[in-house]
């Protein structure tokens, strides 16, 4: 989600001047002189033109055959000629004016014919919104403007959306203005539900940047605070971790862990595996036939052929292996491939589809049930991800000196080791945890994911983590490590292209794709995530061992605000600013 600091705009921006009389006059249609709507007059005159022309052509053919002079006309023919000329004048005037207006009108005037002309010519308009977004319309721009009268065109569209005549999802394509579409959809939502969402910002966001790739049917955007923890000294480099969160103490705690790591010489990391997976499921008439395909896919002699077919999907996609499992006559095929700096779900799905099409030639009785059979496994806790890994498999470790444990973390090595064994290892086993042998890895993973434009839902498997603490150097120092087998991140595609998220990636030095070493930016981001988890685990376990958790959360993570009165005060202040 895009996070912007300044949402409010000046009253001048929210209340654009009324159209000049000359511009309003330029929008006059040829059918405005008639009492019927334009589409009805167009239909009538088009039918009159066609009928008159057909009648005259038929009569003239009859006169030629009977050698009757063409200039000898009766009353019916005179009426037909009159209708032909009148309809021709109307149609030429209507389409002529529309053509001239399409040339001389500015980009902001293209929306005036929405209801009359449909979606013609508006498909390319959203791409221009980034260059210059139009001023928000009245009523939709701010809460203070709500009681004012809407522009007539917008009022008609809102009414059509509320009545179900115009689908809400089609507004961007028909209007060619993503900001205006969001405002109209927002007003329609208010009228349908009877509830105000004025606390949800509308202005200050580039809606064209999410069209067709990040979010559908937008009505605003959510603001989240972004804190910075660090520096995290990792592999000899310093990183400042952007964390989008609403949980008090989280950034401060991670920051303390970063300090302890830095004062102990830093942390090191290693990427064990880099492969995104997709597992389609196919059904066969018999289990024997399913086993035959399983044997074919797992035969090393066939790997090169499968690789050629799979790798056609992208210049970055490289097939690494195929792992199969059977359930009756159903075959689950787990394809693994490298995906460069992209998270890679779309890339691997395309490659899998190529292979399935190829296999269909030799296995005609294969019935592909789904491109995803949950053996992948995406956005779900699973043993296959915990054991085999998915995305980037990373181990991050550090040795924390005895003095740092005492001065920075306010505890001792023995207490930390004992707590980790009883809580993270034994306690998680008692709970039957799957990949949850840690204190709060998900906190750090999710905060960094949201800040850097990753898929927050993939926090499920990306937070799989086992935290290990051991005494070293005769028990004086502490060795801490986190092993995370399935960190699913990318530095291109999806939400990474949004301005705020792109800025956070730039802060880490991993924005975009690496030209020299494809995939290195995504791998570096994965190690930074693991390093942040290492710092967060170290600090939280220390707080638990020292008995500081409740005290710190009551101080920094407990709201004492009267929300209702605060909201009312903020609304009053906003109205005063608007006035």
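We count from 1, first residue shown onward.
Placed from the backbone N, Cα and C atoms, the Cβ positions cover glycine too.
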Quick check on the annotations: Swiss-Prot lists transmembrane segment for one of 59-79, 80-100. Which range is it?
80-100
If Swiss-Prot is the reference, give me the range from 15-35, 36-56 marked as transmembrane segment.
36-56
For the transmembrane segment entry in Swiss-Prot, name the matching range from 524-544, 545-565.
524-544
Using Cα coordinates, what distance in whole Å links residue 311 (N-linked glycosylation site) and residue 379 (active site, charge relay system)?
25
Inter-residue C-alpha distance, residue 379 (active site, charge relay system) and residue 247 (active site, charge relay system) (nearest angstrom):
23
Assigned element (helix, strand, coil) containing residue 247 (active site, charge relay system), judged by DSSP:
coil
For the region 'Linker' (101-153), what's the model's average pLDDT?
45
Helix, strand or coil at residue 379 (active site, charge relay system) [DSSP, three-state]
coil
Neighbouring C-beta atoms (10 Å sphere around the C-beta of residue 455 (active site, charge relay system)):
18
Around the Cβ of residue 247 (active site, charge relay system), other Cβ atoms within 10 Å, all chains included, total 15
